[in-house]
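Colleague: I am attaching a structure below and will ask some questions about it afterwards.
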Amino acid sequence: MTLRLLFLALNFFSVQVTENKILVKQSPLLVVDSNEVSLSCRYSYNLLAKEFRASLYKGVNSDVEVCVGNGNFTYQPQFRSNAEFNCDGDFDNETVTFRLWNLHVNHTDIYFCKIEFMYPPPYLDNERSNGTIIHIKEKHLCHTQSSPKLFWALVVVAGVLFCYGLLVTVALCVIWTNSRRNRLLQSDYMNMTPRRPGLTRKPYQPYAPARDFAAYRP
């Protein structure tokens, strides 16, 4: 009789422990190409039956509370986030979905869902799951977009400088050609300029004394 009572007691406690355990299912890995992600936590319990508190934790030891929301079957939960994160959420009978945005590479980590049933008693929470590794990929799009812009900017600057240098060279050549032509014309004008009129020098004639014709008169 005593053994039978002991067996019934152990069976009762095992049923109670099993009933008080809430299992949670999470995706093992989420790879994020953008800066947003939705993480769904499915529980083996009807969430609408009680007032609950749903939380999302970051880290192997669940050190950082990322997002938390309180709700029940009469009103939607109000989610609030850690200062480092931006989050919102939604729920149905067995699922709580956390939405995170403005994520960066340093947010890559393992995340755990937790559910706590606050009222009516008894207090219940879920068994620790294996968690979800959220991997945020580093963006290279900005670099690939900025490189062509930088390239074309350099091309435009080089083109402007080339055109400016070409114009300056042409202008200097024209100025040099005109200057050289003017010097040649001035030299020709100087050679063709007539001399100023003056006294002309008479040709030299040898001296011959004038004859006195009166002396020969009779």
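Keep in mind that glycine also has a Cβ here, set from the backbone N, Cα and C atoms.
For reference, Swiss-Prot lists these features for the protein:
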DISULFID  Cys41-Cys113  disulfide bond
DISULFID  Cys67-Cys87  disulfide bond
DOMAIN    29-138  domain 'Ig-like V-type'
CARBOHYD  Asn72  N-linked glycosylation site
CARBOHYD  Asn93  N-linked glycosylation site
CARBOHYD  Asn106  N-linked glycosylation site
CARBOHYD  Asn130  N-linked glycosylation site
MOD_RES   Ser187  phosphoserine
MOD_RES   Tyr189  phosphotyrosine
MOD_RES   Tyr207  phosphotyrosine
SIGNAL    1-19  signal peptide
TOPO_DOM  20-150  topological domain 'Extracellular'
TOPO_DOM  178-218  topological domain 'Cytoplasmic'
TRANSMEM  151-177  transmembrane segment
Colleague: Can you tell which of the glycosylation sites (Asn72, Asn106) has the fewest other C-beta atoms within 10 angstroms of its C-beta?
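Modeller: Counting other Cβ atoms within 10 Å of each of the glycosylation sites Asn72, Asn106 gives the minimum at Asn106.
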Colleague: Specify the secondary structure state of Asn106 (N-linked glycosylation site) as given by DSSP, simplified to three classes.
Modeller: helix
Colleague: Spatially, which candidate from the recorded positions Cys87, Asn93, Asn106, Cys113, Asn130 is nearest to Asn72 (N-linked glycosylation site), comparing Cα atoms?
Modeller: Asn93
Colleague: In Å, rounded, how far does the Cα of Cys87 (disulfide bond) sit from the Cα of Cys113 (disulfide bond)?
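Modeller: A Cα-Cα distance of 14 Å.
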Colleague: List the Cα distance (Å, whole number) between Asn106 (N-linked glycosylation site) and Cys41 (disulfide bond).
Modeller: 23
Colleague: In sequence order, which residues at least six apart in the same chain have a CB under 8 Å from the CB of Asn93 (N-linked glycosylation site)?
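Modeller: Asn93 (N-linked glycosylation site) has long-range Cβ partners Asn46, Leu47, Leu48.
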Colleague: To the nearest whole angstrom, state the Cα distance for the pair Cys67 (disulfide bond) and Cys113 (disulfide bond).
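Modeller: So the Cα of Cys113 (disulfide bond) lies 10 Å away from that of Cys67 (disulfide bond).
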Colleague: Return the residues near Asn130 (N-linked glycosylation site) by Cβ distance under 8 Å, restricted to its own chain and a separation of at least 6 in sequence.
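Modeller: Expected: Gln26, Pro28.
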Colleague: Fewest other CB within 10 angstroms, which one of the disulfide-bonded residues Cys41, Cys67, Cys87, Cys113?
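Modeller: It is Cys87 that, of the disulfide-bonded residues Cys41, Cys67, Cys87, Cys113, has the fewest other Cβ atoms within 10 Å.
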